[in-house]
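Asker: The ATP binding site feature in Swiss-Prot is assigned to Gly8, Ile9, Pro10, Gly11, Ser12, Gly13, Ser14, Thr15, Thr16; the stated evidence is similarity to another entry.
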Amino acid sequence: MKVVVVAGIPGSGSTTVLENTLKELDYLNVNYGDVMLEIAVEKGLVENRDQMRTLPPEVQKDIQRAAAKSIRERSLENNIIVDTHCTIKTPAGFLPGLPVWVLEELEPDMFVLVEADAEEIFTRRISDKTRDRDVESLQEIDLHQQMNRAAAMAYATLTGATVKIVKNHNNQLESAVSEMKSVLE
């Protein structure tokens with residue numbers, strides 16, 4: 001069975017595209033952060049997601065590795081979508097969402113990046129009152145998407161996976177969902 005990583009920066013609509021795509025396809029949708037949290041809670045290391053950041057880096061690496069292994073094991077019986085981030089923007093710079101020790105355990109077959117124009121993402125972010133998102137310029141949004149592309153290609157180089165970009169433009173959700181379905185079938 002396949003392991004497909006789907007990622008997009010906040011406001012790209014990756015979750016919306018994914019939810020609509022999976023209504024018609026037989027994939028198990030797994031959020032990588034949720035699996036990490038489950039493992040850390042089972043081990044008695046944390047009680048909630050916010051406490052994950054406070055764990056020593058080596059413990060976090062062990063949890064990341066265990067989460068990737070757990071997801072790969074699930075793929076023996078199901079096609080898996082891993083909903084995660086290729087890169088995480090931090091005050092210190094961009095952090096890889098899938099370090100090599102995760103990729104070695106996860107063994108993804110494909111990376112799908114959901115993107116939109118910077119203007120569309122900017123507008124979506126400021127109009128979404130349900131989320132507390134950082135305000136970024138159009139150039140910063142473009143840079144984040146470029147970093148995702150670079151990271152996805154680096155990940156693909158390490159794993160032999162392919163990289164597909166699905167555009168999710170305003171008022172064209174059906175088109176993005178159709179393209180995503182054709183990639184996953």
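Any Cβ shown, glycine's included, is placed from N, Cα and C.
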Asker: What count of other C-beta atoms do you get within 10 angstroms of the C-beta of Ser14 (ATP binding site), across all chains shown?
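Answerer: Result for Ser14 (ATP binding site): 25 neighbouring Cβ atoms inside 10 Å.
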Asker: List every residue in the same chain as Ser12 (ATP binding site), at least 6 positions away in sequence, whose Cβ is under 8 Å from its Cβ.
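Answerer: Val114, Glu115, Ala116, Ile121, Gln145, Asn168 - these are the non-local Cβ neighbours of Ser12 (ATP binding site), listed in sequence order.
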Asker: I'd like to know which of the binding-site residues Gly8, Pro10 has the most other Cβ atoms within 10 Å of its Cβ.
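Answerer: That would be Gly8, with the highest Cβ count within 10 Å.
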Asker: Look up Pro10 (ATP binding site) in the DSSP assignment and reduce it to helix, strand or coil.
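Answerer: Note: Pro10 (ATP binding site) is coil by DSSP, not helix or strand.
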Asker: Taking the Cβ of Thr16 (ATP binding site) as the reference point, list residues of the same chain whose Cβ is under 8 angstroms away and which are at least six residues distant in sequence.
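Answerer: Expected: Asn168, Leu173.
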Asker: Taking the centroid of the Cβ atoms of Gly8, Ile9, Pro10, Gly11, Ser12, Gly13, Ser14, Thr15, Thr16 as the ATP site, which other residues of that chain lie with their Cβ within 8 Å of it, listed in sequence order?
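Answerer: So the extra residues in range turn out to be Val17, Val114, Ala116, Ile121, Arg124, Asn168.
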